[in-house]
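Chemist: Just dropping this structure here.
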Amino acid sequence: MSTQSLYKVSSEIAENAHINEEQYKKMYQESIVNPEGFWREHGQRIDWIKPYTKIKKTSFDDHNLSINWFYDGTLNASANCLDRHLEKDSDKVAIIWEGDDAKDQRTITYGELHSDVCKFANALRSQGVRRGDIVTVYMPMVPEAAVVMLACARIGAVHSVVFGGFSPDSIASRVIDGKSKVIITADEGVRGGRIIPLKANIDEALSHPDVDCVEKVIVLERTGGDVNWVEGRDIKWESLMDTASEHCIPEEMGAEDPLFLLYTSGSTGNPKGVLHTTGGYMVYAAMTHEYVFDYKDGEVYWCTADVGWITGHSYMVYGPLANGATVLIHEGVPNYPTPARLGEMVDRHKVNILYTAPTLIRALMAEGKEQFADFDGSSLRIMGSVGEPINPEAWRWYNEVIGHEHCPIVDTWWQTETGGILISPLPGATDTKPGSATRPFFGVQPALVDNMGNIIDGATEGNLVILDSWPGQMRTVFGDHDRFALTYFKTFRGMYFTGDGAKRDEDGYYWITGRVDDVINVSGHRLGTAEVESALVAHEHVAEAAVVGYPHDIKGQGIYAYVTLTKGTIETEELRQELRKWVRKEIGALATPDLIQWAGGLPKTRSGKIMRRFLRKIAANEVTNLGDSSTLADPAVIDTLIESRLNRSE
């Protein structure tokens, strides 16, 4: 690894951060050698009703799979996010909210949030919700979404948040799986200037013939738009809150009692409900939030993720609020109505910590740095990236244009299933390399294995596994423990298989290469699609790229690249050939794209994830049965890509 690609921790940051390099190594070693002792100490960072005495009872044996942490202790997640701050921080701002329209703004103190949560917890009880019941939540990005989650946690109900971009069919499958009696929604949402018909989607979902469990639908008025109303079933949020008491004693929950369900997107067949429990999850979310973002009391923290994803759960609600942070919640998208919106919000709210996704960074890159000519950014101290591996070129742009080259970047790798960040730099402890998630968090033991499950040491590439449990880990697939074992523990026995491939360099840094099924086998050689994409995006005229394999008569698989050009760049055959030569120079002849299709847009979910299965089918000329496209932000993109595809049958 060349020294040019190494960004050293500055002495100022190392001196003022929670931990430096030496302390990280000491703590990490202790967490691996003596996990019980390590977590016995660090589990005390949250409040327990009945203190734990038993720390860890875990087995990755797929025939005897069980995960238990702090398992004889009791606590309440809502109390940890609210009640414990009231004595000295009741007037501290918990949530700053900015609507899709920047003129819509609210601030909510910890005292006010506590009152709202208690009221809604009592409202839920008035509608028959009891401990252990699953409550489906389909809300816009408003403070009330956090209120609902914390209210469920307060009374021991299990929330199942469904991303507001999901279709009625997706909602129905989740409601059926969880047998929800109560659904929480809003009349409409607002995102990027568009109205999202939330209540209408719920109505359509509940018309599904297999949905027979729902008794009540609680509806928040967000826009005041006209909605269908079912008497006896639908209830106004406001009428419940007007009469509810603001006193609600938090339910005493076991550490291993469920806190929430979150269904993984893109799962085939029945939805896969990832189940997280209370104690270990809260410890891990709070601890990773503090150390990875080097959070200091009084700072303003902005995670741009939607609450419908795990990032919104762990790093917009539970982790930051457990640590007493001031959290910025934004209803819209950070590049609407103009690409300058992100910078304007950072400056307006004096954001200290920003956590966003590579897809947004690339979208802003494509618009050009002149969009940030008026951006001050002096409040920013730490910046994070989440959701997919970040291309080195996007990392450098983020560092230069948003961070003004003075903010450490934490490129975090984790999953819905892991509950919290597993591999990431720590700002005061880790020299960074653009594109690398670097080193594991405390208690996390990553390894690389070959396809036979043999551990491979040193600088190498392989399948990324985790060798032992950590507190934030999911406990099961809801209602299907066999599926949990089959999906994560049978591929490589005795190890948690992440489904991702990775490289490890000579410094022990991890580089995530993408999903194992995002590997192209070209003439017997395995190529990670992320590597080819990074090379393409490094070209000055490329804003975004997605690479897939397609059937090739000679090579087995060929390389098919979908390329979105920067604003003002003209699509020419000369540029196409230039890009092929560019990739050949950057990686080698083997990685040269066979086909490069110009793409005005790529098929993405509203969280910004590229739906590669559509791209694979289009590249393979299998365009008659693409499957459900209802979760796409813009389904029309598919038709455009099909129309201009390059691999047509003769």
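Glycine is treated like the rest: Cβ placed from N, Cα and C.
Grabbed the feature section from Swiss-Prot, which reads as follows:
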- R191, G192, G193, R194, T311, N335, S523, R584: CoA binding site (BINDING)
- G387, E388, P389, D411, T412, W413, W414, Q415, T416, D500, R515, R526: ATP binding site (BINDING)
- V537, H539, V542: Mg(2+) binding site (BINDING)
- K609: N6-acetyllysine (MOD_RES)
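What does the local environment look like for each feature on the list?
Modeler: Secondary structure from DSSP puts S523 (CoA binding site) in coil. Within the same chain, the residues at least 6 positions away from S523 (CoA binding site) whose Cβ sits under 8 Å from its Cβ are I554, K555, G556, L590, listed in sequence order.
According to its DSSP assignment, R515 (ATP binding site) is in a strand. All protein chains considered, the CB of R515 (ATP binding site) has 16 other CB atoms within 10 Å.
Cβ neighbour count for H539 (Mg(2+) binding site): 19 (other Cβ atoms within 10 Å of its Cβ, all protein chains included).
Other Cβ atoms within 10 Å of the Cβ of K609 (N6-acetyllysine), summed over all protein chains shown, number 18.
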Chemist: By a simple count, how many Cβ atoms lie within 10 Å of the Cβ of G193 (CoA binding site), its own Cβ left out?
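Modeler: Other Cβ atoms found within 10 Å: 11.
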Chemist: Would you mind checking how many other C-beta atoms are within 10 angstroms of the C-beta on R194 (CoA binding site)?
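Modeler: The answer is 13.
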Chemist: Taking just the CA atoms, what is the gap between H539 (Mg(2+) binding site) and R584 (CoA binding site) in Å?
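Modeler: H539 (Mg(2+) binding site) and R584 (CoA binding site) have their Cα atoms 12 Å apart.
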Chemist: Of T311, P389, T416, which is closest to V537 (Mg(2+) binding site) if I measure between C-alpha atoms? They're all binding-site residues.
Modeler: P389
Chemist: Once the chains shown are all counted, how many other Cβ atoms turn up within 10 Å of the Cβ of T416 (ATP binding site)?
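Modeler: Excluding its own Cβ, the number within 10 Å is 18.
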Chemist: Measuring Cα to Cα, how far is R191 (CoA binding site) from K609 (N6-acetyllysine) in Å?
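Modeler: On Cα coordinates alone, these residues lie 17 Å apart.
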Chemist: Excluding V537, H539, V542, please set out which residues of the same chain place their CB within 8 Å of the center of the CB atoms of the Mg(2+) site, keeping sequence order.
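Modeler: Result: E393, A535, L536, A538, E540, H541, A543, E544, A545, V563, L579, W582.
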Chemist: Quick check for the class: what is the C-alpha distance, in angstrom and rounded, between R515 (ATP binding site) and K609 (N6-acetyllysine)?
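Modeler: Just about 13 Å between their Cα atoms.
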